[in-house]
Amino acid sequence: MEIFKTCFLMVVLMLLFVFVGGYVGGQQGMIIAFLVALGMNFFSYFFSDKLVLKRYNAVEVSKKNAKGLYAIVRRLSQNAGLPMPKVYIIPERAPNAFATGRNPSHAAVAVTEGLLNLLNENEIEGVLAHELSHVRHYDILTGSIAAVMAGAIAMLANFAKFGAASGSNRNTQKGNAAIMLIIALIMPLAATIIQMAISREREYKADKGAALLTGHPEWLESALNKLENYSNSYTMQNASPQSAHMFIINPFGDIKNTLSTLFRTHPSTSDRIAELKKIGMQLKNR
């Protein structure tokens, strides 16, 4: 299913580029846009993880300089039957975490310094189990490509604005200019919808996977509660909207108002905690 989602995202990206390229530059623009889209798809598949890690200044660590963290990841990976991923720490005081990579053999998990300082060992294990569940379900490739795609859509919106402006200046393509302006306005919404489509359900799925992997859903439950309380006071300083869906909680804080809730990339933390409580009851009744 995740492979299908990944292919779908790549096709959508290509079609968007070709469509906008055709309006801006005709047949030649379509060809150029097609080649650019091919290049971006190739880049997204092989390098999206590196781009995201670099975006957040993540530093790779080993068992020598992060013994406790490394040991938790190794133990969970073995229990999940996964290859050992690379482990990164992000120099950021806001607590958060994400996983990235194109498959379990090329995966990485990253946590912020703030998360390590805020949570106890059991809670950290719950968070890392959540991230490794993303790895096991192949969510990481889809999420990484979606992050690059959201950035590409933002770039396309700028191209569309340029096309609208140039068309209106020539006074010969007013219809095309109007269409391009509409595209420029709806593309940011399209990027958000794409992030929503791949994020909400997979967070519940990863929460459940973490609960089953550790056997202690209360660990992740406690971690999410702390993360939400802290994130509403301290949001990530260099967080990017294009990659917000990758984190275990929204790096911009939990959204409360009704309108914004419709476009949130994460389920509400209270709903996630409620689901974890249900899983906990099911485990006790076995």
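Just so it is clear, glycine is given a Cβ too, placed from its N, Cα and C backbone atoms.
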- Query: To which of Glu60, Glu201, Glu203, Glu218 does Swiss-Prot also attribute binding of Zn(2+) at the site defined by His130, His134?
  - Reply: Glu203
- Task: Using the centroid of the Cβ atoms of His130, His134, Glu203 as reference, list every other same-chain residue with Cβ within 8 Å of it (recorded Zn(2+) site), in sequence order.
- Result: Ala99, Glu131, Ser133, Asp139, Arg202, Lys205, Ala206, Asp207, Gly209, Ala210, Ile248
- CB neighbours within 10 A of Glu131 (active site), counting all protein chains shown, number 29
